[in-house]
């Protein structure tokens, strides 16, 4: 066991899906995996291991934000030997051509957080995805006919920003969408020499103010999860 994960050694697969919501982790396990076993309920942050098309895979809730996902990613890699970490979540679109329910593959992640500035002595670091996972996910999406967009996303520390226009400068530089975890995930993957990728479903648009319904989010989320599950090795 690690501090925040109750699993024993060997109970977590080398490839893991990381939704922020622990109930979404439970949904993925119960609806997509076979022979599932729950290895974690610590703090209500569910973790499951099962199989998908004969390949062993795990799914673990991470909570919201860079500090929370950093805890789970550190322990999954250091204590359980996870090699492929795939975040599946939602985001807000920053570009006019991006529609609700589109799927985004995060090639890289900018951030307004000071986490990496503290780590790198005030200098910037460019967190990037695993090219191997990125290419494979894109190819799978093409095969399944799922429209995907690939590019930079913005990882933010605050969900409710007092400056409602702060996103516009990022959009000017081509940033596709905003979310809250990817920069931390990619930085830690680089530190430990493992592979990581974020897949995001567009749940709302900062351009139009449009939002998806819970049913629409669920239906689109399932397509994204099907892409992510194909990355199991």
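Placement of Cβ uses the backbone N, Cα and C atoms for every residue, glycine included.
Annotated purine D-ribonucleoside binding site per Swiss-Prot: 4, 162, 179, 180, 181, 203, 204, in sequence order. The phosphate binding site annotation in Swiss-Prot covers 20, 24, 43, 87, 88, 89, 90 and is backed by similarity to another entry. Swiss-Prot lists 204 with the feature active site, proton donor, giving sequence analysis as the kind of evidence. Feature annotation from Swiss-Prot assigns site 'Important for catalytic activity' to 217.
Using CA atoms as reference points, the recorded positions 24, 87, 88, 90, 217 were checked against residue 162 (purine D-ribonucleoside binding site), and the closest is 90.
Residue pair residue 90 (phosphate binding site) / residue 204 (purine D-ribonucleoside binding site) shows a Cα separation of 9 Å. With the fewest other Cβ atoms inside 10 Å of its Cβ, the least crowded of the binding-site residues 20, 89 in this structure is 20. Using a 10 angstroms CA-CA radius around residue 217 (site 'Important for catalytic activity'), the binding-site residues that qualify from 20, 24, 203 are 203.
For residue 89 (phosphate binding site), the binding-site residues whose C-alpha atoms fall inside a 10 Å radius of its own C-alpha are 179, 181, out of 4, 179, 181, 204. Long-range Cβ contacts of residue 88 (phosphate binding site) within its own chain (separation 6+, distance under 8 Å): 17, 18, 19, 24, 28, 198, 199, 200, 221, 224, 225, 228. Nearest Cα neighbour of residue 4 (purine D-ribonucleoside binding site) among the listed binding-site residues (20, 43, 87): 43. Note: the Cα of residue 43 (phosphate binding site) and the Cα of residue 203 (purine D-ribonucleoside binding site) are spaced 27 Å from each other. Take the CB of residue 179 (purine D-ribonucleoside binding site) and look out to 10 A: across all protein chains shown you find 23 other CB atoms. Sequence-distant contacts of residue 203 (purine D-ribonucleoside binding site), defined by Cβ-Cβ distance under 8 angstroms and a gap of at least six in the same chain, are 90, 91, 92, 100, 211, 212, 217.
The two recorded residues, residue 20 (phosphate binding site) and residue 180 (purine D-ribonucleoside binding site), have Cα atoms 10 Å apart. Following the DSSP three-state reduction, the secondary structure of residue 181 (purine D-ribonucleoside binding site) is coil. Within the set of binding-site residues (4, 24, 43, 87), the lowest number of other Cβ atoms found within 10 Å of a Cβ is recorded at 43.
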